[in-house]
Amino acid sequence: MGGINVKKRLSSATIWIVLLIVLFFAAITVLESSKTSGAISYNEFKKYWIENKVSRVEIKQDGRTVAGELNDKAKTQFQVVVPQSLLVQDILVNNPKSSVNVKFEPASSMPMWISWIPTIILILVMVGFWVMFMQQSQGGGGGNRGVMNFGKSRAKLATPDSQKVTFKDVAGADEEKGELEEIVDFLKEPKKYLDMGARIPKGILLVGPPGTGKTLLAKAVAGEAGVPFFSISGSDFVEMFVGVGASRVRDLFEQAKKNSPCIIFIDEIDAVGRQRGAGLGGGHDEREQTLNQLLVEMDGFGVNEGIILVAATNRPDILDKALLRPGRFDRQILVGAPDAKGREEVLKVHVRNKRLSDDVDLKVLAKRTPGFVGADLENLMNEAALLAVRANKKQIGMEELEEAITRVIAGPEKKSRVIHEEDRKITAYHEAGHAIVMKFSPHSDPVHEISIIPRGMAGGYTMHLPERDTSYMSKSKLKDEMVGLLGGRVAEQIIIGDISTGASNDIQRVSNIARKMVMEYGMSEKLGTITFGSDHDEVFIGREIGKSKNYSEEVAFEIDNEVKALVDEAYKKAEKILTEHIDKLHAVAKVLLDKEKVTGEEFNAIVEGRPLEELNKKENAIDLEKHDNVEEVHDDVEGVHDDVEGVNIKDTSEDNIETTDAFANNTDLEEDKKEI
């Protein structure tokens, strides 16, 4: 670092010195030009001379230039070029006034070459500036960031020795690792594949939601393969200059050929691989030119032996079909959200360098985080570690992990916010309404936690978690989901006798579920098993702006009626449940007003009519028994959870943790009030 700082200082000092030299010569030029100011014509000079207005003259070395001064009040300086044939006669012979001071400039004793020094220095300075500009334009010796290197690839080359990520650092994706391990094995031992006549895939596309570990898998491939690894982002290809993207693609593959066998990884390839179209302006698109060059390099007339292209995207629907065909991206690997077992394995990876207390159960934690991807779980463990440090604890406990889950989902608590008692009451009944309706809806998930403490933009929340990972949502479950979401609004109507803006998000989610049931899932008895509306964008304008409508206005009217019927049915069912269990609604709301937060076990005890004191005594007895059986805790627990091999993980679809918000701070409503 010291050497870099010294170089920076020397570079800045050189720049300042050069600037001072330039300013010096600029000042000399200005002074020289000022000396030549006041130039007059020969006729004017002759007129002044005859009229006795000249006080002194000085004849320069060249014998033609005459400088002088007028005898006016301003002592005006002048300079004139007089023909040599008239110089002696006009000034010396016809001198009208003997008092005029005539002076000859003496010949210079300085060698002529000295007068050339300023010009030589100025030329050297200009040459120096040109050299510095060329060095900067060529990237200063590296980085390919210079003006003259626009066409050079910006891919970063990672050598095998610099790769520290391996497949041991990737968990919860056994099938995905298996697909990529085959690529690694081919790079290490290509002979057995070639003898069998097999062709290794030229390209592998990693597809999946954000945070599932696509880039991490690519890094692991680089670490395991032991070959050069070029990594670049899709956005690095396209610049403001025409032809730069295609040039960079060519340069990237030229570099890869020199380092073959190797791997090229393009992250976020949708930035350059978006489906081609006419575009809004109808003109030529620089991105399309880049894509065309990429298509040619992947499978054209050229031969790219030993080069494997790995790309990642979370938008496979917008990629060009020519890019996805066999021979280019032969294999697409779906990197989805892990199931409960996969989440447990991911958690084991992320707790290697963390100190956990004995009460931490990663299996329980994995079950309580459905829908969490690898990035979410890493963030969860980091939040728990920060909470433990904030509380001055030596280890991370289950309490910190539970709080971290809620923080990741709903945001941090805002206990300091002053809330009016009437608002607390509305929030308590709103959340209690959600919980009671979910409790008595057979297809709803169990309630995990209820709180009226503000978090994020919400004034309270009701969290319910699924008992297991599911791949599908039945019609009955979707209907009960709508009933649970409307429980808060119905509770307000029954208890308060008025409704508020707190259920705005609930209503939005209910409307979305009902509309998807009718238009996408074919769950409408009246309209039948038909999908309404196109699920893809218009190809002509680049697949993102316009959607086609393939149904009539009459059908649109029926769709709206069916959506309204589903929502009304859910509202009536929620109203019936709360009316039948009004005593339980009051009981849960009362405890919420006292404690502000109720766990799932406490909620079940309240609904079943059991006193909370018995539940607390039971929990204290369990904690005491644990404390008696706990052995001495070692500070360093690194390596306890290292073994994550040999686990078979089933790939399931993503399940999201549902939280029903209550009383989100409706800033839009406040702005409307101000406008009124």
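For all residues, glycine too, the Cβ spot is worked out from N, Cα and C.
Swiss-Prot has this to say about the protein:
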type	residues	note
ACT_SITE	Glu431	active site
BINDING	Gly208, Pro209, Pro210, Gly211, Thr212, Gly213, Lys214, Thr215	ATP binding site
BINDING	His430, His434, Asp506	Zn(2+) binding site
REGION	650-676	region 'Disordered'
TOPO_DOM	1-9	topological domain 'Cytoplasmic'
TOPO_DOM	31-112	topological domain 'Extracellular'
TOPO_DOM	134-676	topological domain 'Cytoplasmic'
TRANSMEM	10-30	transmembrane segment
TRANSMEM	113-133	transmembrane segment
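All features noted in Swiss-Prot, drawn onto the structure.
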{"residue": "Gly208", "record": "ATP binding site", "DSSP (3 states)": "coil"}
{"residue": "Gly213", "record": "ATP binding site", "DSSP (3 states)": "coil"}
{"residue": "Glu431", "record": "active site", "DSSP (3 states)": "helix"}
Over the topological domain 'Extracellular' (31-112), what does the predicted model average in pLDDT?
70
On a count of neighbouring CB atoms within 10 A, which of the binding-site residues Pro209, Pro210 is highest?
Pro209
Give the residue from the binding-site residues Gly208, Gly213 that has the most other Cβ atoms within 10 Å of its Cβ, counting over every protein chain displayed.
Gly213
Measure from the CA atom of His434 (Zn(2+) binding site) to the CA atom of Pro209 (ATP binding site) and give the result in Å, rounded to a whole number.
30
Fewest neighbouring Cβ atoms within 10 Å: which of the binding-site residues Lys214, His430, His434?
Lys214
Tell me, if you would, which residue among Thr212, Thr215 (binding-site residues) has the fewest other CB atoms within 10 Å in the structure shown?
Thr215
Taking the Cα atoms as reference points, how far is the residue listed as 'active site' from Asp506 (Zn(2+) binding site) in Å?
12
For the recorded positions Glu431, Asp506, which one has the sparsest Cβ surroundings, going by other Cβ atoms within 10 Å?
Asp506
Have a look at the binding-site residues His430, His434, Asp506 and say which one has the shortest Cα distance to Gly211 (ATP binding site).
Asp506
